[in-house]
Structures are given as C-alpha cells and as structure tokens.
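The compositional bias 'Low complexity' annotation in TrEMBL covers 202-213. Look at TrEMBL and you will find CYS149-CYS185, CYS336-CYS373 tagged as disulfide bond. According to TrEMBL, the feature domain 'Lysosome-associated membrane glycoprotein 2-like transmembrane' maps to 383-414. The region 'Disordered' annotation in TrEMBL covers 202-227. Under the heading signal peptide, TrEMBL lists 1-25. Residues or ranges marked as transmembrane segment by TrEMBL: 381-404.
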Amino acid sequence: MCLSPVKGAKLILIFLFLGAVQSNALIVNLTDSKGTCLYAEWEMNFTITYETTNQTNKTITIAVPDKATHDGSSCGDDRNSAKIMIQFGFAVSWAVNFTKEASHYSIHDIVLSYNTSDSTVFPGAVAKGVHTVKNPENFKVPLDVIFKCNSVLTYNLTPVVQKYWGIHLQAFVQNGTVSKNEQVCEEDQTPTTVAPIIHTTAPSTTTTLTPTSTPTPTPTPTPTVGNYSIRNGNTTCLLATMGLQLNITEEKVPFIFNINPATTNFTGSCQPQSAQLRLNNSQIKYLDFIFAVKNEKRFYLKEVNVYMYLANGSAFNISNKNLSFWDAPLGSSYMCNKEQVLSVSRAFQINTFNLKVQPFNVTKGQYSTAEECAADSDLNFLIPVAVGVALGFLIIAVFISYMIGRRKSRTGYQSV
C-alpha cells in the first residue's frame with residue numbers, strides 16, 4: 001500500500017533532461033513545515049529481458065522519461081518509514097524505502113514493477129501482467145549525513161539489470177537543511193576502483209590522476225583508445241574512437257587525467273540536428289560531447305560539459321556551448337590521428353589521440369570516408385614530398401657518379 005505524504009509536506013520533483021542523453025537526472029525534494037525532510041538526486045535505468053510470442057527473448061532498456069509521477073512519496077518520521085515512489089506511465093513503477101534508527105537510517109526494499117501488458121513498451125510479450133523485482137540490498141547511512149555515489153551501481157536480478165549512478169541522497173533531514181557531512185560509497189573512495197559498467201571496451205591500464213607540478217615529473221602515458229557507439233533503436237547512429245586526456249587547472253594546480261575506457265560508462269542519443277555522447281566513471285560524473293548540424297551540410301562539436309572530482313576531493317565543473325571543433329561534411333567521419341588539443345576554457349583542455357568520430361548518418365554501423373584534420377593532412381603531404389626529395393638526391397648522386405666515371409674513362413684512353 002502506498003504511503004501518503006505527511007501532513008503539510010510538499011514535493012518538488014525535477015527531471016533534468018540532459019541535452020539528448022537517454023536518461024534523466026531526477027531531483028526529489030520533499031519538504032515539511034521545517035524545510036527539506038528528504039532530498040534525493042540520482043540517475044537510473046533498467047534492462048529487462050522477456051519472452052515474446054515468437055519464442056525468442058527480447059531485451060529492452062528503460063530510462064527515466066521526462067514525464068513521470070510521484071504518488072505515494074513521503075517524508076516519514078520516528079515511527080513511519082520514508083518512501084520515494086516514481087511511476088513511468090502505465091508500464092513501470094519504482095520505489096525505495098527508508099527506516100530511521102537511533103543513529104542511522106537504512107535504505108532498503110528497492111522495488112521495480114513492470115507491466116508486460118503494455119504492448120508499446122513490451123511488444124509481443126507472452127506473459128501478460130505485472131512483474132515485481134525486489135532488490136535485497138540494504139545500505140546504512142548515519143543520520144545528518146548525505147550519501148553520495150557517482151559510480152554506476154549495477155544489480156543483476158534476472159530477468160532485470162538495474163543501474164544507479166550520480167546519487168546524492170539524505171533521508172530524515174534534520175532542521176530542514178541538507179547536511180554538508182558526506183558518506184561516499186566504496187566504489188568512489190579510490191581513483192583506481194573498477195566500478196560496474198554499462199558499456200565496456202577492451203581492458204586497458206588503470207586511470208591515472210597525476211599532478212604535473214611535482215619536482216621530478218614523470219611523463220604521463222598516452223591514454224588508451226576507447227571505442228564508443230550509440231544506438232537509436234536497432235541502428236547505430238553515433239560512432240566515436242578516441243583516447244582522451246583531460247588537462248585541468250583548478251586554483252593554479254594542474255592535473256592530467258587519462259580516461260580509462262575499461263572503467264568508463266557511456267550513454268547518448270541521436271536527433272536529426274544534434275547528437276550526444278556522455279562518459280562517466282568513478283571520478284567523472286559526466287563528460288558530454290554534443291554535436292550539431294551546420295547549414296544542413298556539415299557537422300561539428302558544438303558543446304562540451306564536464307563535472308568531475310579531483311584528487312583533493314573538490315568538484316570541477318565547466319561548460320562551453322560555443323565550440324567549433326571536428327568539422328566535417330554530413331555523411332562522412334572526422335579523423336585526427338595526431339594529438340589534438342581542444343581548449344574548452346582556460347582551466348580545461350582535452351587532448352585527443354587517434355580520434356575518429358561520426359555523429360550522423362552512420363551506415364551499417366561503420367565509419368564513412370573520413371575528412372582528416374590539418375595535422376594529418378600535412379603529414380600525408382610531407383611524406384610524398386620527402387620521398388620525392390630523396391629520389392631527387394638519388395638521381396643527382398647517380399648522375400654525378402656517371403660523370404666521374406665517364407671522365408676517368410676518357411683519361412684512360414688518352415694515356416694509351
């Protein structure tokens with residue numbers, strides 16, 4: 001039975017539609033007469049496998065839509081549990097419960113319900129009706145502490161895989177104000193923690209976060225190249241291959257951060273005039289690459305947004321919506337094998353290695369003919385020039401040798 005909100009409680013539920021990305025960040029702020037009594041911010045999606053009428057299994061991924069309801073959410077008190085309930089239309093609902101103890105509160109009974117009778121969401125499903133999956137996890141958080149977890153927490157509860165990330169949560173808020181005291185999940189506590197992932201590429205070296213101002217700096221290794229692909233339904237709509245190195249100067253302290261594809265998640269989506277690739281891991285809450293169409297003829301990288309955590313625990317947040325990088329004709333890809341520097345702001349640059357992207361008009365899941373960057377074009381131009389010069393010197397050397405040999409031959413004849 002759904003809990004009703006406590007008397008006088010108000011609920012503010014905000015869905016942040018992040019560009020064209022295929023998930024929404026939710027912010028729930030339950031309030032009572034004292035102020036905020038429950039605060040939660042998070043992202044989630046669910047991958048569900050079900051049997052179809054043609055005796056095959058079909059797998060779908062459900063993300064939070066931009067429209068949802070929150071009937072039954074409540075603040076709770078010393079006697080009653082708090083609860084957040086989210087409804088995704090007719091087909092899907094989700095709930096989590098919080099119980100207050102003497103010195104802490106528990107996060108428990110995370111329940112997902114989905115109705116396979118909805119043929120729009122579950123086309124061709126054999127078993128019609130409501131199915132419920134309960135997550136047995138139980139987290140304990142001290143009172144007056146906000147729980148944070150930027151890593152992706154994955155729970156495989158067959159036939160459903162649940163994923164949660166970007167979590168900022170405090171139940172039973174004291175004195176109406178969200179606490180500044182934090183408890184960080186284990187997955188976020190060390191830079192080299194391997195977090196559960198949504199998509200992965202080939203294994204590679206661990207993520208490095210290296211101050212560049214050390215007395216005896218060691219060269220930062222070149223980042224591992226990752227392969228990223230976004231699908232629109234059953235069709236690949238965006239391809240990206242690149243090694244990424246983030247150069248950050250926060251309060252005059254420079255850091256170099258190599259993105260490790262093996263521990264990095266990616267999502268995104270494609271629209272007729274825009275496309276987005278989002279990366280995140282235990283240090284990066286999000287790194288967005290947003291592409292746009294220009295004059296109906298070309299595409300380019302228009303926007304980069306980043307929110308991440310530095311080695312000292314501070315947050316770093318930069319957004320630039322007026323970029324003009326990686327310009328190429330529609331129907332082609334953009335390629336730059338040499339190291340390229342994208343200056344997003346004075347404090348943030350991205351170095352790319354072995355870059356190749358195609359955010360529009362992908363055919364058969366493969367890259368189209370590439371337009372090369374100027375650095376690669378110069379290299380390709382210099383190679384034949386160098387070969388030509390070498391051949392020229394070789395011809396001159398042969399000619400000189402021939403002339404010297406001919407002169408010696410004439411001298412020999414005169415002696416006879």
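Yeah, the Cβs are placed from backbone N, Cα and C, and that goes for glycine too.
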**Message:** Among all protein chains shown, how many Cβ atoms are found within 10 Å of the Cβ of CYS336 (disulfide bond), not counting that one?
**Reply:** 23
**Prompt:** About how far apart, in whole Å, are the alpha carbons (Cα) of CYS149 (disulfide bond) and CYS336 (disulfide bond)?
**Reply:** 35
**Item:** Distant-in-sequence Cβ neighbours of CYS373 (disulfide bond), under 8 Å, six or more positions away
**Value:** TYR334, MET335, CYS336, LYS338, GLN340, LEU355
**Message:** Within its own chain, what residues at least 6 apart in sequence put their Cβ under 8 Å from the Cβ of CYS185 (disulfide bond), listed in sequence order?
**Reply:** PHE147, LYS148, CYS149, SER151, LEU153, ILE167
**Message:** Taking 10 A as the limit, how many CB atoms besides its own sit near the CB of CYS149 (disulfide bond)?
**Reply:** 22
